[in-house]
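Q: So that we are looking at the same thing, I have put the structure below in structure tokens.
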Amino acid sequence: MRNIYLVGFMGSGKSTVGKLLAEKLGFRFVDIDQEIEKEEGKKIKDIFREKGESYFRDLEKRMIERFLGSKNLVVSTGGGLGADSENMRKMKENGTVIWLDTPLETVFERCKGDDERPLLKKNRKEIKELFEKRKKIYAQADIRISTEGKSPYQIVNEILGRIR
């Protein structure tokens, strides 16, 4: 079966849903952020601080390309990875892209107090602008799943119903 790529803003549940979905499908789960941390030997926030966002975005692109030729993967992308048109095109060519659409207020609630997310250092207005900009690219996904008011298990079951 083709790969499944989960896209969405930070805090949308990509990693949580991805692990559960991979388990249900018998697929391997890949978290791009974790793969980057493993390769760099540093936390994402430290990569951002030391080398900047554009360096990190290049790492994301290289990392996703590593998995494009594989099969039977559920891939949790970083929030910015799926917000790049070129990355979106490549993922769609290689698999099914699923957007976990989560309202911004829910994202704020889930992420408050999380100092591991460098983009939360921005003010609310900047985050809202980034959120709106990224939504336009996330909307190119093959499948949109609203996560509002749903448990990770409900989201996984909805995905399974849509991909089978």
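Each Cβ is built from the backbone N, Cα and C atoms, and glycine gets one as well.
What Swiss-Prot shows for this protein is this:
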BINDING   Gly11, Ser12, Gly13, Lys14, Ser15, Thr16, Arg117  ATP binding site
BINDING   Ser15  Mg(2+) binding site
BINDING   Asp33, Arg57, Gly79, Arg134  substrate binding site
Q: Using C-alpha atoms only, work out the spacing between Arg57 (substrate binding site) and Ser12 (ATP binding site) and round it to an integer in Å.
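A: Given the Cα positions, Arg57 (substrate binding site) is 19 Å from Ser12 (ATP binding site).
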Q: Using only the Cα atoms of Asp33, Arg57, Gly79, Arg134, which the record gives as binding substrate, return the largest interatomic distance in Å, rounded to a whole number.
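A: Among the residues the record ties to substrate, max Cα distance equals 18 Å.
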Q: Among all the protein chains here, how many other CB atoms are within 10 A of the CB of Arg57 (substrate binding site)?
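A: Its Cβ has 16 other Cβ atoms within 10 Å.
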Q: Measure the Cβ-based neighbour count of Lys14 (ATP binding site), defined as the other Cβ atoms within 10 Å of its Cβ.
A: 30
Q: Between the binding-site residues Asp33, Gly79, Arg134, which lies closest to Ser12 (ATP binding site), Cα to Cα?
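A: In terms of Cα distance, Ser12 (ATP binding site) lies closest to Gly79.
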Q: How big is the gap, in Å, between the Cα of Asp33 (substrate binding site) and that of Ser15 (ATP binding site), rounded to a whole number?
A: 10
Q: For Ser15 (ATP binding site), which DSSP three-state class applies?
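A: SS state of Ser15 (ATP binding site) = helix.
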Q: May I ask which residues of the same chain, at least 6 positions away in sequence, place their Cβ under 8 angstroms from the Cβ of Thr16 (ATP binding site)?
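A: Once residues fewer than 6 apart are set aside, Thr16 (ATP binding site) is near Pro152.
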Q: Counting Cβ atoms within 10 Å across all protein chains shown, which of the binding-site residues Ser12, Ser15 comes out on top?
A: Ser12
